[in-house]
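Feature list (source: TrEMBL):
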type	residues	note
TRANSMEM	6-27	transmembrane segment
TRANSMEM	48-65	transmembrane segment
TRANSMEM	71-101	transmembrane segment
TRANSMEM	108-128	transmembrane segment
TRANSMEM	148-168	transmembrane segment
TRANSMEM	175-196	transmembrane segment
TRANSMEM	216-233	transmembrane segment
TRANSMEM	240-264	transmembrane segment
TRANSMEM	276-295	transmembrane segment
Amino acid sequence: MGSSTDNLKGFVLALLSSGFIGASFIIKKKGLRRAAAASGVRAGVGGYSYLLEPLWWTGMITMIVGEVANFVAYAFAPAVLVTPLGALSIIVSAVLAHFILQEKLHALGILGCVMCIAGSVVIVIHAPQERAITSVQEIWNMATQTAFLLYVASVIVIVFVLVFHFAPLYGNSNVLIFTGICSLMGSLSVMSVKALGTSLKLTFEGTNQLIYPQTWYFMLVVVTCVITQMNYLNKALDTFNTAIVSPIYYVMFTTLTIVASVIMFKDWDGQGLGSIISEICGFVVVLSGTILLHVTKDFDRNASRSLYAPLSPTLTTRLCSGNGEMLKHVVEDAAYPEDACLRRQGLY
């Protein structure tokens with residue numbers, strides 16, 4: 001089994017990741033507003049002046065740093081610990097929006113933040129130790145065990161059915177179709193990211209894993225899954241309200257990722273029933289807190305439109321969902337110019 005030191009490293013990296021990613025959305029939103037004020041053309045109506053705005057690029061760099069930290073976290077700690085902690089980025093974003101953007105955080109939103117923190121503490125306390133892995137071939141053996149191959153086959157079949165049968169018929173009316181495709185592929189991408197991250201970690205420690213074809217295969221799977229996620233998350237955000245897509249996506253993605261990790265890496269082997277139940281309860285509390293935050297951000301919408309970071313687990317999906325969310329708010333500013341001007345006076 002891996003050491004508790006590795007779990008601690010993974011936990012700290014996951015926290016840093018959430019901090020950077022949560023802050024990046026606020027920085028990018030300020031950059032978008034500043035660019036719109038300077039050029040008079042908003043991104044939501046086809047403007048690209050934000051590409052010349054240093055603040056927007058600062059936000060992008062901040063997000064990438066957060067994603068790198070998230071990637072490395074998977075190399076040290078089990079997905080059961082790292083994945084649910086992604087919810088903390090929503091707290092960072094909500095709190096910063098309250099103080100920096102003067103976007104009021106509702107009392108129930110504060111309760112949602114507290115619930116996310118409390119649930120995360122429970123998950124961290126009861127998280128399993130990562131088993132020690134010495135080569136990418138060892139991970140390959142885990143990935144080719146019968147139980148996980150059945151999971152992968154099930155995911156591929158369900159995704160094909162959703163893409164080719166249900167998406168053309170119900171994709172624009174049922175939010176579960178596009179988010180389901182994202183979540184199913186996301187669970188496979190996280191397993192591949194974890195395998196790739198572990199391979200790179202071993203390589204940097206002196207045991208070269210790049211000579212094995214399995215390392216490159218995992219990289220190919222990561223790219224394929226991420227592109228599919230990016231495509232269908234964009235479709236979901238373009239079709240449905242982000243306040244609906246984000247919590248549903250978070251629930252489905254995190255649940256499927258934990259299931260995949262438990263099957264492939266056997267995270268719960270050797271753990272007592274009490275610890276497993278505690279982890280599940282902690283996840284349910286985090287889940288409830290995130291839904292509460294997303295629901296309460298629609299309160300008093302005309303008075304204050306809030307921006308919270310979407311709960312997407314990968315760089316490309318976060319980039320897409322993040323920009324989609326921000327563009328939507330820029331358009332909202334155009335729809336309520338008086339309100340936008342009042343709020344902008346405190347920003348520039």
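Heads up, residue numbers simply count up from 1 along the chain you see.
A Cβ is built for glycine as well, from the same backbone N, Cα and C atoms used for every other residue.
Between the transmembrane segment (108-128) and the listed ranges 6-27, 148-168, 216-233, 276-295, the one holding the most Cβ pairs under 8 Å is 276-295. Looking at 6-27, 48-65, 148-168, 175-196, 276-295, the range that has the most CB pairs within less than 8 A of the transmembrane segment (216-233) turns out to be 175-196. When Cβ-Cβ distances under 8 Å to the transmembrane segment (6-27) are tallied for each of 48-65, 71-101, 276-295, the top count falls to 71-101.
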